């Protein structure tokens, strides 16, 4: 101990200690942070883009063109951004099953890694909206359900219905239900505006407000069926149907029973 | 005489000495009513009305009919801290904090839907059996009045909570008021106490919903029932039943027990629905703000046909002298319902004008024996169902993967094409059923037993039907069409030739029937 304390007032002690402290903090942070975002090295990125390009040429280029420039039946993907690819392919909408009015949500064709590769490839063509990082999607912490509900009713309910159950649009198009949709995909839909949906830029609805909307949707999804069977949360149509079938059915059945003569 | 009988007798005479009720009760408690399940449909409506009065009174204890702005601090987190009207906040309070409040709200709303549905099926029974004929025309009109007021009362009721859906409905009501030419905008300002939404509408409709309309309902229902009592109930035809008698059971004890029991069953079924099925989940709709709207905004079913008519109307507008006439709202929202309900109210008089029949009728018609009336009923029903389906066109579109435009175009065409087809098909069906009745009386019932004759021929054995059944199938009247001569006995042309021609033409169509089996027909058969 005495030998060490002799160096206490050495000229280099201060800077050395500072270096040591910085090193410790930096390493600790690196280890702690490593789990959230694995940084892609330049080589890995190039490789992924190449893989994405190969996937694109096989699965997408027949409609979207060999260089994603678009064609008669499909739009150009230059500048749509990684977020758009992640939404369309990640929810199984792309590749489309058939050329109907609207791409339907279905089981994704590509796995997560392939979606990432496709997204990186498309993003490499021209800059566009990026996939939101998981750390920025902490809606439970950063959102407010009440504010989200207000925003939802003002901006979303007109198509997606008051309880996010979806609704009809013109010519067979529709706003899908938001029940069971991942937070990431909801966020991506807002920033990219897929199909008939408008884009809600960060100036219209700030990122924090977007998280509030997601928080409200998730709260609506988790809400128990207060007051009994929810009847689909689509308003009075199902209520009327129930009254004319079960309600009047039971009542008229009882009337018939009461008017039956005893044998 | 036992002690119990003596005490009961003493109480009875005490009351009778002071009210003179014994004579009245002796007469009325033994009054006979015919027994049939379809005579109990109106009862469902009556009992639902009582349930509505009881559950509605409960709701008024906590409901605050005010559009005063408050900040929500109740227990429902997704609305916490939002600005809303006191009406909406108090409805949330009833739903989440008042013990049994949500159940009562749901019972009240389900009872309203059942009330309206029961009125409609009751009306259909009365119509298709011809129970509205003399002397019951006034009661028919009262019934049509109750139906109309029921639609208004229901609409005002679900408008009270001031949630997003009800506000949307009020907005449409305002649009319909405004569509009235010339006076529309003034009336709208008068109703809302200024511009929409204002702060007076909910307090105003609250008074109408809980005081004025229930009062009118009570009065009309009382008259409705008193007339049934006074005119006696109609009965289905059958052996021993005539225009002069009523075959059935006495009020006491049979119908007292049946009706009393039925009330509790109706209450039970309504409470069951209120307990297991959510209705009007206002907390999900959110508070009303004119800037918001939800996809799939629909009215309750009894308004759905109106919404359907508005949804299918093409965007027609006329601009003249600085005024806009919105035909797209005026025609489906006011003119068509006005014609329909006026026609319905006047139908008993129209039918008697066509048939020239001014006699009293206490025996009901079998629907097939009045083919024109039945066909007209099915025709109107078809019109209403097409309109109602189009009212839910967006829900149908999303659930059955159709396009809303196709449904709209289908409705636009079907509303004109399907009702006449329904008329023709129903009339043919009725006449075919008459023909089947005739065959049944003449040749008996097919037994399904095959008999081989000595000649090798196969025949099916027919069994004669019972005399009771034969009576039922032949008891109805078949009146010839009106004979309206163009010239009177002295060869002078009568006035109103065109009117009479039309009347004779309709009367002829109305009298179309397969001749029922006559005694001569049966005698002729016996000769074979």
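Every residue gets a Cβ built from N, Cα and C, even glycine.
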Matching range for TrEMBL feature annotation, transmembrane segment, among B:44-63, B:64-83, B:84-103: B:44-63
Transmembrane segment according to TrEMBL, located in which of B:262-284, B:285-307, B:446-468: B:262-284
From B:329-350, B:483-504, the residue range that TrEMBL assigns the feature transmembrane segment: B:329-350
Interface-richest range of B:44-63, B:140-160, B:172-196, B:262-284, B:409-426 toward the transmembrane segment (B:208-230), CB pairs under 8 Å: B:140-160
Contact ranking winner - B:329-350, B:370-389, B:409-426 against the transmembrane segment (B:172-196), Cβ under 8 Å: B:329-350
Chain residues outside the transmembrane segment (B:44-63) and at least six past its termini with a C-beta under 8 angstroms from it: 87, 90-91, 93-94, 98, 101, 104-105, 107-108, 111-112, 114-115, 118-119, 121-122, 160, 206, 210, 214, 217, 221, 225, 262-263, 266-267, 270
Within the predicted model, mean pLDDT of the domain 'Cytochrome b/b6 N-terminal region profile' (B:11-237): 95
